[in-house]
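Written below as structure tokens is the structure these notes are about.
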């Protein structure tokens, strides 16, 4: 069972995991900026884009069979949970970990900032009614009304959306994250309504060996709203 990949450029392999509700095409606007330095590998996660539904173990095995021996790995939002889990379980393969407006746990807890689970449930309900309209509205909010023409090529399957919702609600890597010794960076947007910027202060205390970057004027999609700053950060981090 193959994972759908798109590859661009040559150089250090950089694998990109998209967020919930989207597919790998969300990365297209930044490919021209990354292509001169990296071999970009876009991945459709299970139930999204052209990748069929499968559980974590099947996804991991099939994906690793298709990837180079070593690679840098970046995950946006839900993709950050996938990226973090892969880095924890396969430290010999993942050389760098970049988490973009993501955290080891998405749902708020007594001592952990996050979002209420209802936020994702409401988003799920809206996606089920009109996916392109919902995603366009979401992007518009995150980019502060900046014009961005996005149309999803292959709508996510209902199973993919439901599985993603389960991941966002249940995956929690706060303890396992302490095992990670590879270079790791977390990027936050000060205006992000989904991964609160105050998460950064708690993470800096709990995981002092990681690097942290705060985009002062960004929300949940700094790679699109502040592409130049994002590319500069990537180039400085991946040596």
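Cβ coordinates are placed from backbone N, Cα and C, and glycine is handled just like the others.
According to Swiss-Prot, the protein carries these features:
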- 20, 77, 78, 138, 139, 140, 141, 142, 220: substrate binding site (BINDING)
- 77: active site, nucleophile (ACT_SITE)
- 192: active site (ACT_SITE)
- 220: active site (ACT_SITE)
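Cα distances from residue 192 (active site) to the recorded positions 20, 77, 78, 139, 220 are smallest for 220. Separating the Cα atoms of the residue listed as 'active site, nucleophile' and residue 220 (substrate binding site) is a whole-number distance of 8 Å. Under DSSP, residue 20 (substrate binding site) is assigned to coil, being neither helix nor strand in the three-state scheme. Residues within less than 8 Å, Cβ to Cβ, of residue 78 (substrate binding site) and separated from it by at least 6 positions along the same chain comprise 19, 20, 45, 102, 106, 164, 167, 168. Cβ neighbour count for residue 139 (substrate binding site): 21 (other Cβ atoms within 10 Å of its Cβ, all protein chains included). Following the DSSP three-state reduction, the secondary structure of residue 139 (substrate binding site) is helix.
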